[in-house]
Amino acid sequence: MRISIIGSGYVGLVTGIGFVKLGNEVIFVDVDDRKIQMINNAQPPIYEEGLEELMREYKGRYYATRDYKEAILNSEVTFIAVGTPSREDGSMDLTYVKKASEEIGGALKEKGTYHIVVVKSTVLPGTTEEVVKPILEEYSGKKAFEDFGLAMNPEFLREGVALKDFLNPDRIVIGVQDGRTKKVLEELYAPINAPKLFTDIKTAEMIKYASNAFLATKISFANEIGNICKKLGIDSWRVFEGVGLDHRISPHFFKTGIGWGGSCFPKDTKALIRKAEELGEDPIIIKAAVEVNERQPLKLIELLKKHVPELKGKIIGVLGLAFKPDTDDVRETRAYVVVKNLLEEEARVVAYDPQAMENFKRFYPDVGERIEYANSAEDVLKRADVILIVTEWREFEKLDYSGKIVIDGRRIKAAEKTARVYEGVCW
Ligand code: UDX
């Protein structure tokens with residue numbers, strides 16, 4: 001099939017390259033010339049395992065352009081995969097979704113054959129039918145579900161393993177109303193062997209939010225128990241090994257530590273809370289999950305001060321700035337909160353991350369420009385006697401932490417074994 005994808009961020013790019021691997025042709029649309037150029041040179045504008053290899057292997061089967069019209073007229077299905085960032089108040093900013101819908105609508109006006117628009121961006125229940133659909137109809141002068149197809153297909157990709165998740169997902173959820181669209185999407189996803197759940201459009205939208213809110217709450221719950229365990233001298237990792245063996249619960253997403261970050265959990269929990277409140281509901285469980293998560297990185301500072309009460313002028317090594325390993329993404333990373341607190345105490349910070357240093361500096365200039373960056377993890381250990389572990393990059397397992405005070409937010413076994421003084425956040 002010929003597919004166009006609006007938005008070449010993490011989701012758009014991985015989804016597009018995934019579809020190429022399944023035998024389709026893909027046109028990426030983006031407003032960022034740097035990204036377009038990189039994609040056309042088979043270079044991924046983001047770091048994601050396996051992406052560069054696939055982009056090189058399948059060069060010629062995809063390309064990127066600024067031109068919506070060209071992309072839509074030359075494809076049968078269009079995925080909207082633009083960002084839905086948070087506004088100051090936590091609500092969802094639909095600017096990019098609306099802009100994409102206007103452009104697609106305009107192009108659909110000129111299209112003679114049946115076209116299907118699929119919303120992949122994470123949007124609150126009701127958005128596809130109440131925001132996207134009217135815009136598409138207004139700009140195209142055509143009727144959704146009759147003259148063109150419209151569906152909602154949430155993504156469940158984890159950064160770092162996003163390609164694997166695309167090709168081998170736990171499930172595929174498709175919110176769809178008309179039979180013709182359903183048939184095309186069934187065909188598109190036929191090569192993927194996974195349970196496929198067809199629902200109505202707003203149910204599909206809600207499945208994404210409920211999944212993310214549940215996972216975020218699961219981790220926050222584990223962290224809350226973990227904080228109690230810490231006080232009682234119990235290893236919470238052992239506890240959740242035991243808890244996770246119950247098949248109703250499952251062992252995944254039980255790693256206690258300094259909490260969750262990234263582009264999804266923080267944004268989606270906040271948007272769902274706002275929406276619930278708008279509807280007159282008080283979603284206390286999700287609110288508590290967010291609050292636990294905001295407090296969790298402060299545990300690292302608390303434990304640090306137990307061993308080093310005066311931080312002023314001290315060199316503190318920070319290992320890891322990305323919100324999790326195997327990505328260069330720093331959105332909502334716990335590292336920001338940790339570094340900010342260290343700087344407030346007037347400590348000197350020497351940080352290292354294998355992929356995310358540039359992004360950290362660029363995204364968080366208020367703290368990112370006030371710290372030193374090391375050339376390697378070893379360099380951090382050379383320069384600092386006190387180390388905070390923020391992201392569990394595999395290479396941190398290869399270090400020798402002898403002689404160091406290590407406060408660990410993620411549980412690096414090598415540090416636990418070799419450090420002179422070792423403290424884990426929840427163990
Ligand atoms: C998440 C969802 O997993 C994915 O389905 C959704 O589509 C987008 O959001 P992602 O943000 O890439 O994916 O990362 P994920 O691996 O889920 O981790 C999120 C955060 O939770 C990270 O900061 C990670 O460090 C933290 N985490 C995860 C824990 O603290 N403990 C765990 O057990 C698992």
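Easy rule for this one: first residue shown is 1, then count along the chain.
For all residues, glycine too, the Cβ spot is worked out from N, Cα and C.
Per TrEMBL, the candidate among LYS98, LYS99, LYS324, LYS340 that belongs to the substrate site alongside PHE156, LEU157, ARG158, GLU159, LYS208, PHE253, PHE254, LYS255, THR256, GLY257, GLY261 is LYS324. What TrEMBL records for the NAD(+) site is ASP30, LYS35, THR84, GLU159, LYS267, ARG331, and among THR122, THR199, THR203, THR217 the residue it adds there is THR122. Using a 10 Å Cα-Cα cut-off around LYS208 (substrate binding site), the binding-site residues ASP30, LYS35, THR122, ARG331 reduce to THR122.
Checking the binding-site residues LYS35, ARG158, THR256, GLY261 against ligand 1 with a 6 Å cutoff on the Cβ atom leaves ARG158, GLY261, in sequence order. Sequence-distant neighbours of GLY261 (substrate binding site): residues of the same chain at least 6 apart with a C-beta under 8 Å from its C-beta are PHE323, LYS324, ARG331, GLU332, THR333, ARG334. According to DSSP, the secondary structure content of the domain 'UDP-glucose/GDP-mannose dehydrogenase C-terminal' (317-415) in residues is 37 helix, 18 strand, 44 coil.
Distance from the CA of PHE254 (substrate binding site) to the CA of CYS264 (active site, nucleophile) is 18 Å.
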